[in-house]
Amino acid sequence: MIEVTLLGTGSPIPDARRAGPSTLVRAGGQTFLVDCGRGVLQRAAAVGVGANQISALLLTHLHSDHIADLGDVLITRWVSNFAPDLPPLPIIGPPGTAEVVENMLKAFSFDIGYRIAHHDDLTTPPPVEVEEVTDGVVWGRDEVSIRVGPTDHRPVTPTIGFRIEHHGASVVLAGDTVPCRGLDKLAAGAGALVHTVIRRDLIEALPMQRIRDICDYHSSVEQAAETATRAGVGILILTHYVPTLQPGQEDDWRALAATRFDRQIEIGDDLHRVQVHPGVCAKPAG
């Protein structure tokens, strides 16, 4: 079984009820953090997960709302782990990730220096191990495998999605994307698809062109549902709601998805959990 927790279901626009985009995936005793939007560690703490328990950080792309708390994750993992030899944090993301991580650590260089000077058991900066990928298998430990596939969030490029598998259960995390062949291939036959969504009907009615531009490179609720249907997934999990999902609107969003996808649809607030069991997907892709 794989457990998916929507840590942050918000967007770039600050929302008092929603943290920034981030999803926690637990499988085979391992814990994967997918993106790290604002407030991610507070939300992780609410489900009993600390920064020092993260097996790997997976980044779908380098938009600010998806990496806003990267520095907090790196520093907090470092200072809250008391093992004598802290292993590097695996960080897997698209090309450009290494530069972002390097610059983030530079931004915290004063803080890092203060802590090394103060604490005898902190002798080196936060250890990281960055892998930049666009396609292929990136993880295979203790019967958990992770595969990466390309998505389409242009002009943001390259962007990637992740497929996590464990003992016959599988979850795909799409990140921000429009419908594309790469995501269809990655999600084919998966137990669950976690997909960011927008309400195109609401956004296109707004007067600000910069806001309407969002429609260019995000999937609408209906498009995400169509992707799930084409891929034959068992559960569609919606997140990253734009505009923000207001209390009482859940059924409206779910109904839109249900016009294009006739299986289980999950939508909710931060900390919403979904269990994905082996064999949950009974439909072939196509």
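Each residue, glycine too, has its Cβ placed from N, Cα and C.
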Quick check on the annotation: Swiss-Prot has D65, H66, D176 binding Zn(2+) 2, so which of H118, H119, H240 does it put in that site too?
H240
Where Swiss-Prot shows H61, H63, D176 binding Zn(2+) 1, which of H153, H272, H277 is named for the same site?
H153
With a radius of 8 angstroms around the mean position of the C-beta atoms of D65, H66, D176, H240, what other residues of the same chain does the Zn(2+) 2 site pick up?
S11, P12, G20, P21, D35, G37, T60, H61, H63, G175, T196
Drop a 10 Å sphere on every Cβ of the binding-site residues H66, H240 and tell me which sphere holds the fewest other Cβ atoms.
H66
Around the Zn(2+) 1 site recorded as H61, H63, H153, D176, what other same-chain residues have a C-beta within 8 angstroms of the site's C-beta center?
T60, L62, H66, T151, V156, T159, G175, T177, Y217
Rounded distance in angstrom between the Cα atoms of D65 (Zn(2+) 2 binding site) and H153 (Zn(2+) 1 binding site):
14
Give the distance between the Cα atoms of D176 (Zn(2+) 1 binding site) and H240 (Zn(2+) 2 binding site), rounded to the nearest whole Å.
9
Cα-Cα, whole number of Å: H61 (Zn(2+) 1 binding site) versus H240 (Zn(2+) 2 binding site)?
14
